[in-house]
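Report on the structure given below.
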């Protein structure tokens with residue numbers, strides 16, 4: 001027998017043995033328990049829009065379905081607003097969303113103003129951390145819920161701490177609770193296709209001289225299990241004269257398993273209204289040279305449409321046909337491979353005095 005014939009025979013025997021063991025595994029553990037990656041029906045990860053076009057681009061499309069997402073940042077940086085927009089996007093597409101309000105601080109009026117259908121939003125205000133995470137697990141296993149938001153990890157108080165007296169030390173109880181919960185729910189999340197967003201707060205490590213002293217609550221388990229981690233910060237307060245009407249938020253993608261990480265997105269959050277979608281649109285239109293900025297003036301197809309950013313946004317909101325056309329042109333350019341840089345995006349109330357550099361826009365070969 002030649003060497004080539006010997007290799008062919010061995011290959012056939014291996015294929016036969018592989019088919020037998022794959023069949024045995026599927027009989028024991030169910031269909032889909034093992035598969036060839038090329039045969040998987042979920043090769044491309046589907047996404048849920050964040051409500052901010054700039055953040056969607058930074059994430060590679062939005063929040064991934066069937067994954068764990070962590071959003072953390074300082075107080076009043078826009079964490080809850082960000083998740084309420086995600087809930088609104090899910091509901092627009094006919095999906096079901098749940099909000100586990102461990103902080104007992106959800107404002108239904110504000111949620112409704114962001115486009116959330118509060119009548120059909122599932123809300124739970126659990127008494128203990130164990131109760132909250134058990135509810136999350138059951139919602140996931142039902143395969144009937146598309147998005148679950150937990151606000152927040154810091155408020156998931158273990159039962160032992162609640163039943164104890166004030167001042168009792170229950171060291172590591174919350175970290176152990178989160179570690180056990182993540183082990184339990186991660187597999188169910190992948191099977192159901194449900195996205196779970198955990199909001200988290202920041203704490204300062206004691207005695208840190210060098211490096212970043214900030215850390216998130218609930219131990220390290222969530223950091224490992226999360227496919228996406230977003231660090232959201234307030235970088236500017238938006239004012240008209242002395243009146244404050246919003247904030248400029250900056251989001252850094254600290255971790256991303258489904259797209260390139262460490263991208264940065266900026267957008268405006270208006271008090272009582274949420275994320276300024278038109279502001280995001282203007283940012284990207286300016287970056288892709290669809291709308292040109294010369295000094296303080298913005299022009300579209302050679303005609304001035306507004307002096308200053310505020311006036312340009314108002315003009316776009318009043319001319320919906322052109323606004324929709326600009327949005328279509330942006331999506332077309334991005335599909336063709338135009339890459340935008342968030343570093344040149346300005347705040348909502350800024351009146352720039354110089355034109356955008358052509359070098360800020362790079363075309364991917």
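Backbone N, Cα and C define each Cβ position, glycine as well.
Lifted from Swiss-Prot, the feature list:
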- 73, 74, 75, 76, 77, 78, 79, 80: ATP binding site (BINDING)
Under 8 Å by Cβ from residue 77 (ATP binding site), same chain, sequence gap 6 or more: 232, 233, 234, 247, 249
In the chain carrying residue 79 (ATP binding site), residues 6 or more apart in sequence that have Cβ under 8 angstroms from it: 71, 72, 73, 151, 152, 199, 232
Cβ contacts of residue 78 (ATP binding site) (under 8 Å, same chain, 6 or more positions away): 232, 234, 247, 249, 269
Surrounding CB atoms that lie within 10 Å of the CB of residue 73 (ATP binding site), all protein chains: 24
DSSP state at residue 79 (ATP binding site), helix/strand/coil: helix
Output field, ATP shell: CB within 8 Å of site CB centroid, site 73, 74, 75, 76, 77, 78, 79, 80 dropped: 232, 234
Which of 76, 80, the listed binding-site residues, has fewest other Cβ atoms within 10 Å: 76
Helix, strand or coil at residue 74 (ATP binding site) [DSSP, three-state]: coil
Cβ packing number for residue 74 (ATP binding site), 10 Å threshold: 14
Residues that sit under 8 angstroms from residue 75 (ATP binding site) by C-beta distance, when 6+ apart in the chain: 201
